[in-house]
Amino acid sequence: MGLETEKADVQLFMDDDSYSRHSGVDYADPKKFVDPGTDRDPHRLNSNLKVGFEDVIAEPVSTHSFDKVWICSHALFEISKYVIYKFLTVFLAIPLAFAAGILFATLSCLHIWIIIPFVKTCLMVLPSVQTIWKSVTDVVIAPLCTSAGRSFSSVSLQLSHD
């Protein structure tokens, strides 16, 4: 809570001429709003993910393949990585984003409406519980331990080496 100091990542662009008051939907041109230079991993969550050809495939100096093989394998690696990644994102990105959204919304709801109130309630009740526990300890457990200690203090063991 409090004053927001960070800029929002989401912006809404609306031109007066493209805004229509009729009931039909007027879709904007997506190319107009997509910035190809945008950093999609600003917090470097996937900085350890190495997908460059040189990071995955390397030949030592003593065992080089033919130059044409190296060039073709590099090209095939990059093309297959690009095509398969695009293919997988087309079919998996939206359902996984939807599932992750549901999961995070559920966890947020549970955290906000169940876990935090439960913890706050426990923290409110703990001083009373602490007082009751101290009284139970002083009335019941302390006398039992004291009497057991006195009983066992009179026991003596003598060992003989015969």
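Note: Cβ is positioned from N, Cα and C throughout, glycine not excepted.
Residues or ranges marked as intramembrane segment by Swiss-Prot on the basis of sequence analysis: 87-107. Among the features that Swiss-Prot reports, phosphotyrosine is placed at Tyr19, Tyr27. The phosphoserine feature in Swiss-Prot is assigned to Ser20, Ser23; the stated evidence is similarity to another entry. Residues annotated as topological domain 'Cytoplasmic' in Swiss-Prot: 1-86, 108-162.
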Give me the mean pLDDT over the topological domain 'Cytoplasmic' (108-162), rounded to a whole number.
91
Residue counts (helix, strand, coil, in that order) that DSSP gives for the topological domain 'Cytoplasmic' (108-162):
46 helix, 0 strand, 9 coil
